[in-house]
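TrEMBL lists 6-27, 48-69, 81-99, 106-130, 136-155, 167-187, 193-217 with the feature transmembrane segment.
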Amino acid sequence: MALNHAAILARTIIGIIGNVISFALFLSPVPTFVKVIKWRSTREFSGVPYVVMLLNSTLWVFYGIPAAVSNNILVSTTNGIGTVLEIVYIIIFLIFSDYRERRKIVLLLSAVPIIFTAVVLCNMLFVDTLPRRAEIVGSLCIVAGIGMYAAPLTIMGKVIRAKSVKYMPFALSFTYFINGLFWSTYACMGIDIFLLIANGAGALLGACQLVLYATYYHGVHPEDQEKTRQDGHELEKVTTVTEANQEIHISKTTK
C-alpha cells in the first residue's frame with residue numbers, strides 16, 4: 001500500500017512539473033509575437049502551429065474532465081490555460097498578417113469549434129461508458145497532439161532552403177521536446193497509452209526540430225544577406241562622396 005501511495009505521489013509530482021513545462025510551452029511563442037508586433041508584420045512566420053495547438057488544447061481539456069472522459073484533471077487545467085493563450089496569439093497573428101495568410105488561418109480556425117463541438121456532442125450523447133469515451137477522445141487527442149508537435153515542421157522546408165533558422169523559434173522547439181518528455185513519463189507511471197503515444201511522438205519530433213536548429217543555427221537568411229549587401233553599397237556610396245568632397249576641398253585650398 002505504501003508503495004502504491006508513493007507511486008501515486010510521484011506521478012502527481014511529475015504531473016505538476018509537466019503542468020509547469022506545458023505552461024512554459026504555451027508561453028514560448030511570446031518572443032515571436034513581440035517581434036511580430038514590433039515589425040507590424042508576421043513576415044515568414046507561420047500561423048498554422050497555433051491553430052493546431054488550439055485544437056489540441058481543447059481536445060485535451062475535454063479528455064481530462066473526470067465526469068466526461070477520464071480522471072486527469074492536471075491535463076485539463078494546463079490545456080485550459082493553453083487554450084486561452086493560443087486564442088490571444090491567433091488574434092495577434094490575424095491582425096498583423098497579410099490577406100493571403102489571414103484567409104488561410106481563418107479557414108483553418110473555423111474548423112476548430114466545429115470539430116470540438118462534434119467530438120463533445122457525439123461522445124456525451126452516443127457513448128455511455130467512460131472507458132469507451134476515453135478510447136475515442138484519446139485517439140483523437142493522439143492525432144491532434146502529433147499534429148501539434150509536427151506543425152512547426154511546416155517551416156522546415158524554408159529553413160533548409162534558406163539555410164537559416166531566423167523564422168524557426170528555438171523556444172517553441174525546445175519546450176516541445178521537454179514537454180513531450182515529461183508527459184510521456186507521467187503517462188508511463190499511470191499507464192495512459194493515449195498520453196504516452198501523443199507525447200512520445202512529441203518528444204521525438206521536438207528532438208528532430210532541435211537537430212535542424214543546431215544544423216542551420218549559424219546560417220544567414222537571404223533577406224539579411226541582401227540587407228548587408230545594400231548597407232555595403234550605401235556605405236561605399238557615402239565613402240565615394242566623402243572622398244570626392246575632400247578632393248574638391250584640397251583642390252580649392254591649393255589654389
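A Cβ is built for glycine as well, from the same backbone N, Cα and C atoms used for every other residue.
On a predicted model such as this, the values are computed, not experimentally measured, just so you know.
Non-local neighbours of the transmembrane segment (6-27) in the same chain are 53, 74, 77-79, 81-82, 85-86, 172, 175-176, 178-179, 182-183, 185-186, 189-190; each lies 6+ residues outside the stretch with a CB under 8 Å from one of its CB atoms.
Sequence-distant contacts of the transmembrane segment (167-187), counting only residues of its own chain at least 6 positions beyond either end whose CB sits under 8 Å from a CB of the stretch, comprise 11, 14-15, 17-18, 21-22, 24-25, 28-29, 31-32, 43-46, 49, 149, 152, 155-156, 158-159, 193-196, 198-207, 209-210, 212-213, 221.
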